[in-house]
Amino acid sequence: MLQKKSQNLRRLQAKRNELNAKVRMLREELQLLQEQGSLVGEVVKAMDKKKVLVKVHPEGKFVVDLDKNIDMAKVTPSCRVALKNDSYTLHKILPNKVDPL
């Protein structure tokens with residue numbers, strides 16, 4: 001009887017841990033969904049080691065900073081990039097445009 005109860009307790013604890021992990025994952029996903037989207041731009045030219053001139057349609061051209069995780073060697077003219085909506089920091093290099101058809 002005691003062994004059966006302790007087995008049941010372990011099963012319920014494992015189920016609780018599994019559900020808590022799922023709730024944590026869903027909260028993180030919800031937080032990511034609620035963040036502001038990024039602006040998409042095209043690199044015109046590199047200005048110096050940490051600054052790039054980017055054309056954002058329809059706003060215009062901006063000299064923006066690079067995020068610390070971006071390798072300047074990968075930032076080339078006509079490269080598509082994502083800019084943070086609030087600070088206009090270049091934070092991601094996007095793949096080339098792909099025609100869906």
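For all residues, glycine too, the Cβ spot is worked out from N, Cα and C.
Not measured: the values here are computed from a predicted model.
The following features are taken from TrEMBL:
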type   : residues : note
COILED : 2-36     : coiled coil
DOMAIN : 40-95    : domain 'Proteasomal ATPase second OB'
So, by DSSP, how many helix, strand and coil residues make up the domain 'Proteasomal ATPase second OB' (40-95)?
3 helix, 28 strand, 25 coil
Overall pLDDT of the coiled coil (2-36), taken as the mean:
95
